[in-house]
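Novice: One structure, as structure tokens, below. Some questions next.
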Amino acid sequence: MKKQVKWLTSVSMSVGIALGAALPVWASPDTSVNNKLNFSTDTVYQIVTDRFVDGNSANNPTGAAFSSDHSNLKLYFGGDWQGITNKINDGYLTGMGITALWISQPVENITAVINYSGVNNTAYHGYWPRDFKKTNAAFGSFTDFSNLIAAAHSHNIKVVMDFAPNHTNPASSTDPSFAENGALYNNGTLLGKYSNDTAGLFHHNGGTDFSTTESGIYKNLYDLADINQNNNTIDSYLKESIQLWLNLGVDGIRFDAVKHMPQGWQKSYVSSIYSSANPVFTFGEWFLGPDEMTQDNINFANQSGMHLLDFAFAQEIREVFRDKSETMTDLNSVISSTGSSYNYINNMVTFIDNHDMDRFQQAGASTRPTEQALAVTLTSRGVPAIYYGTEQYMTGNGDPNNRGMMTGFDTNKTAYKVIKALAPLRKSNPALAYGSTTQRWVNSDVYVYERKFGSNVALVAVNRSSTTAYPISGALTALPNGTYTDVLGGLLNGNSITVNGGTVSNFTLAAGGTAVWQYTTTESSPIIGNVGPTMGKPGNTITIDGRGFGTTKNKVTFGTTAVTGANIVSWEDTEIKVKVPNVAAGNTAVTVTNAAGTTSAAFNNFNVLTADQVTVRFKVNNATTALGQNVYLTGNVAELGNWTAANAIGPMYNQVEASYPTWYFDVSVPANTALQFKFIKVNGSTVTWEGGNNHTFTSPSSGVATVTVDWQN
């Protein structure tokens, strides 16, 4: 059921009066290709590498693994990194305003061809890995990958790599000869296989039925060999592997299947990335169906240190524009409720289709819904991601039909032009990157919303009806007095508007009409737009983006602790790099005070970590519970809730890796730290504390560990 929490907050954005032409990319630090920790100003283009362009036929697989005529969509088609590089260099992507590419997982996958139900299948998609320290030869060599990174950066494009540490490749619990038996290699040396797994590299709990979060984490996803992250060999191997790719210049990581890995391990994992020499933006895939929102999903987005693909937004956009099963009022409700639920809404990655969904464009249908959905996504909060071929109106329902070969590169398609007009606006107007959202006019077919950041504003109007024009009257706005031209130049039947005294003069929004009007100005007072990453230990360098910081260094305050001098690494009007001070761990507010002594509003919920993080599995035996009770964990550090029931860790699990009345949970805790902890039983507002003395355990200096105790009455 959709949450209906209302939120009407002022939004800040920066843009000049629109003239209907594409706006130049601002050369400010926050919008730079070098800003690897904030993607709010970017427009991402998702590519299934094998399905984009074959730039080097010499690396194509041979024999049964390759479909030269593209007739079997489960086989390789030949797309590679050279092909992507070619499309960067020929201007197709830059011409569309794309500033980040999200490519298929680049690591070595199995080469076996697997027959499922009479159809040959391959690892063309990149999700059947076997060696995270080598490249997929069908995509190219390390040299090819480095060339792709270099070409992208030279064209002001970031590169995000897909990464799937949840699993290796298909395996059978009864047939070791099936495929490659889940084999995992370390730069060519076999670490182990799913069968005869004496090292405990994998979970052996059968396949998940998706009935519980626990089942999804500790059981196999379909027939994929599920990696056991609570294993020191695995933990160190995966950390080494991601550093290899970061050292090659990757700018961001999209984690596959985050719903199916322990949140505690993932928090410790991304914290190691943020503490490395090459910290980058991270986001993960937690699939949600239409009208679905779960507390586990919200908790992950708010507490893991990683951001998420915004499935709630995507599903609603599809229902409103593609399927017409919901209204613009419903869309406004989702914008409001997600803005209230997610602490870091501007970091959620928005989209309208991807490799796991039916293509947005339907065969034989009007293209206007696709164009309007793109316009809304590009002007809404979050980081917009466009699936390859959507701008060419590619169609296809379900896997693999939604992963066809790129059909063409026509720059005259209306959808391409919509992206071309609006993507640069995210760079030039901070209202789109950082601003909040206010509904200005809404009915079942029309949505008028405003983004605002300081005095920067963008106003967007969309009419999804293909037959009815609507008179718009009484719409309020923060736009200054004046006449504003549609940024889209009438491409989607938009019009100009006049603003007087905070009200838009009455106008008619055409059937199928979409318009964007905007205003930009400089800010004299500091306004924080984003902080990246959103968690870090003392000593880590974080990036603060926004406007009005000035060019003279002053101070950044964490809670009540001011940071000045050399601990401010750099200070520019739109971006500050600062070291996290030695303050109490936990969520804290961050403010910026400029040289004039003006202090910004706070960026809340920056999560200060106690120290470097490791993963510990906490297990408690004989914790019997009454109906409605669950077991939670709390202890003496912020990562364990600081002895408060409200911040306790859990609810713990008791079905897969251990069985009731034993409960367990994998938790990210500070390394090499003397921990004290207890378990509590919770039923609503009723909390029952464990008796006896505090349990004690010293966490390891690195890796993972397990501590097992008995419940104390």
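Glycine residues also receive a Cβ, built from the backbone N, Cα and C atoms like all the rest.
Grabbed the feature section from Swiss-Prot, which reads as follows:
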BINDING   N166, I217, D226, H260  Ca(2+) 2 binding site
ACT_SITE  D256  active site, nucleophile
ACT_SITE  E285  active site, proton donor
REGION    523-609  region 'D'
DOMAIN    526-606  domain 'IPT/TIG'
DOMAIN    608-713  domain 'CBM20'
REGION    610-713  region 'E'
Novice: Would you list, in sequence order, the recorded positions among N166, D226, D256 whose CA lies within 10 Å of the CA of E285 (active site, proton donor)?
Specialist: D256
Novice: Give me the Cα-Cα distance between D256 (active site, nucleophile) and D226 (Ca(2+) 2 binding site), rounded to a whole Å.
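Specialist: About 13 Å separates the two Cα atoms.
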Novice: Roughly where does the domain 'CBM20' (608-713) sit in mean pLDDT, to the nearest integer?
Specialist: 98
Novice: Under a three-state reduction of DSSP output, how is N166 (Ca(2+) 2 binding site) classified: helix, strand, or coil?
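Specialist: The three-state answer is coil.
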Novice: Same chain, not part of N166, I217, D226, H260: whose C-beta falls within 8 angstroms of the C-beta centre of the Ca(2+) 2 site? Give them in sequence order.
Specialist: H167, H203, T208, G216, Y218, K219, N220, L221, I227, A257, M261
Novice: Tell me which residues of the chain lie with their Cβ under 8 angstroms from that of N166 (Ca(2+) 2 binding site), as long as they are six or more apart in sequence?
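Specialist: N166 (Ca(2+) 2 binding site) has long-range Cβ partners L221, L224, D226, I227, D256, A257, H260, M261.
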Novice: For I217 (Ca(2+) 2 binding site), which residues in the same chain are close in space, meaning a Cβ under 8 Å from its Cβ, but six or more apart along the sequence?
Specialist: K259, H260, M261, P262, V656
Novice: Under DSSP, is D226 (Ca(2+) 2 binding site) part of a helix or a strand, or is it coil?
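Specialist: The three-state answer is strand.
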Novice: Sort out for me which one of D226, D256, E285 has the most neighbouring CB atoms within 10 A, since those are the recorded positions we care about.
Specialist: D226
Novice: Near H260 (Ca(2+) 2 binding site), how many other Cβ atoms are within 10 Å of its Cβ?
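Specialist: Other Cβ atoms within 10 Å of H260 (Ca(2+) 2 binding site): 24.
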